[in-house]
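The block underneath contains the structure these notes are about, expressed in C-alpha cells.
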Amino acid sequence: MKQSRDRRAGARLLATVTAVLTVATVPLVATPAHADTVRSLSWHLDSLRIPRAQEITKGAGVTVAIVDGGVQADNQDLVGQVVPGKAFATDVAPDGRTDPDKDVSHGTGMASLIAGRGGGTQRMLGIAPEAKIMPAAVGMAAETMPEAIRWAADQHVGVISVSMEPLSPVVSPLLFQAIAYAQQRDVVVVASAGNKGEDSLSQLAAQPGVVSVAATDRKGKVWSGSSRGHELAVAAPGVQVIMSVNAASSPNGYGVGDGTSPATAIVAGVVALIRARFPDLDAANVINRLIKTTTDKGQKGRDPYYGFGIIDPVKALTANIPPVDANPLGVAAPVPADSASPGAGNDNGDDGDSSAAIKVHADWGSLLLYGLGCLAVVVVIVVLLVWLGRRRRRHGPNPPPGVPGGPAQQHMPPPPGQWTGPPPGAPGSMPPGYVSPQRQQPHYPPAPQQPGYGPPPPQPSYGPPPAQPTYGPPGGAGSRPHQLQYPPPAPPGYGQPPTEQRQPPPTSDR
C-alpha cells in the first residue's frame, strides 16, 4: 500500500515539474528484480513480436541511413554496426561516427533502436540487429538536411530514417526536391510526424510518398504529443521507450524517452527487415506491404491519429500481399534530370563544392514570385496609410475612447493558441533569439523560402526517478536508465513546444 502511494506521489511530483512542457510522464519506479534489465524494459519488442520476426530475418544485407546529429560508433551496443558515413556539419567527425549531442545522444539512441546488436538481457537489442547504420550527420544545427538526404540516397541504402523535424514554418523547395530524389533512387524515407500535438504533420512527414510515423503507448493508444494529419502513414511504440545512449547523457549508458523519434526509428528497423526478407521488392511495394499489414486503430481505415494503423512486423514478413505499380502514399514531384545529388558517388565523405551545387537547385522562380508578392503587399499598405492620414486631417481627430460620440473601449482577448512557455534557458525552452512560428493550419503549405531545420520540438525533460531500484546494465552498478528528453533540447532555430495537447478519441481494436 505504501509503495502504491509512493508511486502516485512520484507521478504527481514529475507532472508538476513538467507542467509547462508538452506532457507529464510517470517516472520509472521500483520493479521486481526479474524486470530490472534492459531487455525487460524494451516493451516495444514484445508488443511488436520482434523475437518472432527475427526468426525470419534480422535485416542482414540492408543499410539504414540515419539523418541526425551523428552516431557514436563505439557505443557499447553499436560496436561493429556503424559503417562510415558523412558529416554535413563541423561539430561531427568527417565520417559521421560521433554524436555531438551530449544531452540525450539523439542519433545514437535512434541507431540502437534500429540495429542494437543485443547480446544478453543487459544489452540493447534493435529491430534489425544484422542491418548496418550509415550516419548522414547534420550536427546540432541541421540546415544541411536536404543535402544529407540526397547524399544518403546515393549510397545504396534501403531506407532513410529521419527523426528530426524541419523547423521553419516556411516550406523548403530544397527539402522536397531531396525527398523526390530519394524516391527516384528507390529508397524508403521514414519520418517522424512531429511532437507538437497539432493537427498538422511536420513538413517532411506530410510529403507524398514519405512513411510518416505517430507514437503509441503500451496500450496501443496514440501519444498525446503526436502530431496528427490525413497524410499520416503508420503508428509505432514511442512512449517510455528505452534506448542506448552515451555516458555523457546517462551514467549507465541507457535512457528512456517519449516521442515520434523512437517510433520512427522502430519503423525504419521494420522496413529494413522487409527489404532483407524481400530483396527484389521496390520501395513502393515495401511501403505497400508495411501499411497493408497494420493493425487498424481509431476510426476505421486510415485516420489522422494512427494512419493505416499500428505496424505488425510479423505479418509484414509473412502475409501474401498483391504487388502494386506505384507508391500507395503518393509520389513527390520529380526532380529535373540535371539535378545531380551533391557529392553523388562519394562514399569517403569528400563532397567537393556541394554548397554551390545545392544553391543551383533552389526554386528561384518561386522565390522571385514570392518576393514580388511581398513587394506588392507593402505598396498597398503604404497607399492605405497615406489615404488614412489625409482622411484624418480632413475630418479631425477621433474623440478618445469612452467620451460621448467616441467608440467604446474594446477589451480583446489574446489570440487563441499562442504559447506562453518558460523563459529562455528554462528546461525544455527555446534559446534566446528564437521567434515562435505561427500555428499552422492543416493542408495549407506556406510560401517557399530557404529552410531551417532541427530536431522535433522538445518534449518533457525527465529527471532521474525519485527511488532508485537495483538495476544492473553496464556503466553503473545499482543504477537504472535515465529519463531522457526525446527529441533533444533545441539549439538556436529549433521549434517550439505545443500550445496545448488535445487528447485523441477513444480507440478500439477491430
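The backbone N, Cα and C atoms fix where each Cβ goes, glycine too.
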Annotated stretch (region 'Disordered', per TrEMBL) among the listed ranges 38-58, 80-100, 332-352: 332-352
Cβ neighbour count within 10 Å of Asp68 (active site, charge relay system): 33
Arithmetic mean of per-residue pLDDT over the domain 'Peptidase S8/S53' (59-309): 95
Rounded Cα separation (Å) that holds between His106 (active site, charge relay system) and Asp68 (active site, charge relay system): 8
Assigned element (helix, strand, coil) containing Asp68 (active site, charge relay system), judged by DSSP: strand
